[in-house]
Amino acid sequence: MANTVEADGSKDEGYEAADEGPEDEDGEKRSISAIRSYQDVMKICAAHLPTESEAPNHYQAVCRALFAETMELHTFLTKIKSAKENLKKIQEMEKGDESSTDLEDLKNADWARFWVQVMRDLRNGVKLKKVQQRQYNPLPIEYQLTPYEMLMDDIRCKRYTLRKVMVNGDVPPRLKKSAHEVILDFIRSRPPLNPVSARKLKPTPPRPRSLHERILEEIKAERKLRPVSPEEIRRSRLVRPLSMSHSFDLSDVTTPESPKNVGESSMVNGGLTSQTKENGLSAAQQGSAQRKRLLKAPTLAELDSSDSEEEKSLHKSTSSSSASPSLYEDPVLEAMCSRKKPPKFLPISSTPQPERRQPPQRRHSIEKETPTNVRQFLPPSRQSSRSLEEFCYPVECLALTVEEVMHIRQVLVKAELEKYQQYKDVYTALKKGKLCFCCRTRRFSFFTWSYTCQFCKRPVCSQCCKKMRLPSKPYSTLPIFSLGPSALQRGESCSRSEKPSTSHHRPLRSIARFSTKSRSVDKSDEELQFPKELMEDWSTMEVCVDCKKFISEIISSSRRSLVLANKRARLKRKTQSFYMSSAGPSEYCPSERTINEI
């Protein structure tokens with residue numbers, strides 16, 4: 001039977017036999033009939049190929065392909081067998097379930113059983129595996145690389161050994177060093193750089209100062225004081241009232257016309273006479289003759305008596321001013337008096353000198369009542385000198401600055417805004433600036449604009465907006481009481497000036513009603529005002545009514561506390577005992593008091 005099969009195969013595959021003729025066919029029939037061993041079979045198979053030398057490789061590949069196919073068939077059959085076994089196990093497990101009756105009703109139909117399983121898994125929840133977790137092991141694919149691919153694979157895997165190329169019996173320099181080493185050698189061959197410490201740069205040309213910087217330097221620079229010798233300081237302290245510091249009035253000491261100025265001021269005010277000058281000179285001679293003399297501290301009774309005498313002198317001065325107002329009505333005389341009177345205000349940077357006590361001298365002067373916004377210049381008296389000294393050194397009193405008061409007001413305004421959160425319409429209108437923050441009745445639209453308060457930064461209407469003079473210098477350097485009352489009552493002073501002044505025609509009984517305490521407070525308020533010369537650069541700004549009231553209350557309270565603190569400090573200084581020394585100019589050393597010592 002094998003012979004017949006081989007004969008049929010030879011007819012199919014022997015396509016060259018027809019050309020050779022009947023002789024070849026007879027030879028093949030003989031060879032087929034004469035198959036005895038495997039060698040004959042191999043010869044017949046090799047005869048099928050065009051070249052017999054390729055027969056081993058060709059039939060090896062055929063055998064490998066057949067073997068791979070049989071292995072695939074074997075694995076496929078084993079998978080089918082294992083799947084059947086798994087299905088049988090699943091059927092046995094599902095017989096005890098509730099769904100076994102449903103499967104029996106469906107008569108074990110495959111599609112129905114699979115559908116029920118899918119629905120059950122969907123109800124219970126199915127966890128799908130990712131594609132990467134799947135174990136997919138395909139069969140190895142056989143391929144043959146081209147010579148180029150084989151060479152590239154060897155280069156990638158570095159399966160090679162390079163031979164060094166010799167030039168004249170030595171390796172060329174290009175192959176000795178890498179590119180990085182060549183660059184480093186080139187850098188090293190260059191001349192060395194100079195170190196940074198040895199370099200000398202040209203000085204930068206001075207930049208010209210701008211106008212803004214020059215103005216700021218002028219503002220920050222302190223007022224230059226004229227130098228005064230210690231001899232003149234001691235002589236002036238013996239002549240003038242000892243409670244007043246020399247730094248508050250330098251014009252009476254440094255100039256040679258100082259006795260003349262003192263005499264003129266005393267003639268205008270009717271206070272000092274030639275007798276006071278003689279007493280002052282005799283006291284100076286006694287002080288120079290005696291080296292040191294211990295002064296006894298005054299008792300409380302003496303202090304009370306001196307205060308009562310000062311109050312009586314104030315009563316007399318006010319009564320004389322109301323009784324004879326025609327003395328100052330002459331404008332020429334007023335101009336002369338104001339020209340001869342020394343200014344009361346001096347900057348805080350001036351340093352007061354140590355005080356020395358002398359028996360109090362009574363002075364009677366004619367005073368004129370003026371509104372609070374008009375600056376009053378008077379000759380230096382004992383009480384005014386004390387207030388000026390205390391203005392430079394406020395004792396036991398916290399003076400708030402304009403910046404601090406502005407911050408406090410803004411915080412209070414924010415807290416006041418939070419009260420209207422329950423009223424959403426009012427709150428949103430106030431927050432967006434569409435409603436007046438003071439009266440809360442005037443709404444702003446496209447035609448009615450709002451004014452912004454420069455103190456609390458809130459929009460207000462025209463009726464709630466007032467004018468106020470605020471300093472253009474940094475707020476942190478100015479105390480709050482420097483804003484008033486000339487800054488607060490600027491509009492009121494204009495309206496008062498239009499009305500006829502009735503202060504000169506007041507009866508004596510109306511003046512007597514004022515207490516001495518109120519007069520002293522008003523006088524100290526006038527003394528604490530900023531002079532008009534320093535308020536010229538202040539600009540008029542828009543401030544709301546609430547902020548203006550808030551500022552006025554703070555100013556009044558701060559001034560009241562400042563007056564009380566100064567009064568306590570003055571009484572404390574009166575009860576202290578100290579030495580009066582007449583040392584030479586070389587031994588003289590003026591003592592300075594700091595804020596912490598006070």
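Placement of Cβ uses the backbone N, Cα and C atoms for every residue, glycine included.
Pulled from Swiss-Prot, these are the features on record:
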{"type": "COMPBIAS", "residues": "15-26", "note": "compositional bias 'Acidic residues'"}
{"type": "COMPBIAS", "residues": "248-289", "note": "compositional bias 'Polar residues'"}
{"type": "COMPBIAS", "residues": "316-327", "note": "compositional bias 'Low complexity'"}
{"type": "COMPBIAS", "residues": "354-370", "note": "compositional bias 'Basic and acidic residues'"}
{"type": "DOMAIN", "residues": "1-73", "note": "domain 'KIND'"}
{"type": "DOMAIN", "residues": "147-165", "note": "domain 'WH2 1'"}
{"type": "MOD_RES", "residues": "S229", "note": "phosphoserine"}
{"type": "MOD_RES", "residues": "S247", "note": "phosphoserine"}
{"type": "MOD_RES", "residues": "S305", "note": "phosphoserine"}
{"type": "MOD_RES", "residues": "S306", "note": "phosphoserine"}
{"type": "MOD_RES", "residues": "S308", "note": "phosphoserine"}
{"type": "MOD_RES", "residues": "T351", "note": "phosphothreonine"}
{"type": "MOD_RES", "residues": "S520", "note": "phosphoserine"}
{"type": "MOD_RES", "residues": "S524", "note": "phosphoserine"}
{"type": "MOD_RES", "residues": "S577", "note": "phosphoserine"}
{"type": "REGION", "residues": "1-30", "note": "region 'Disordered'"}
{"type": "REGION", "residues": "194-213", "note": "region 'Disordered'"}
{"type": "REGION", "residues": "248-327", "note": "region 'Disordered'"}
{"type": "REGION", "residues": "341-379", "note": "region 'Disordered'"}
{"type": "REGION", "residues": "398-418", "note": "region 'Spir-box'"}
{"type": "REGION", "residues": "488-508", "note": "region 'Disordered'"}
The number of other Cβ atoms within 10 Å of the Cβ of S229 (phosphoserine), counted over all protein chains shown, is 12
Helix, strand and coil totals (DSSP H, G, I; E, B; other) for the region 'Spir-box' (398-418) = 17 helix, 1 strand, 3 coil
Predicted model, mean pLDDT over the region 'Spir-box' (398-418) | 83
Counts of helix, strand and coil residues, the region 'Disordered' (194-213), according to DSSP | 3 helix, 0 strand, 17 coil
Count up the helix, strand and coil residues in the domain 'WH2 1' (147-165) according to DSSP, in that order.
-> 10 helix, 0 strand, 9 coil
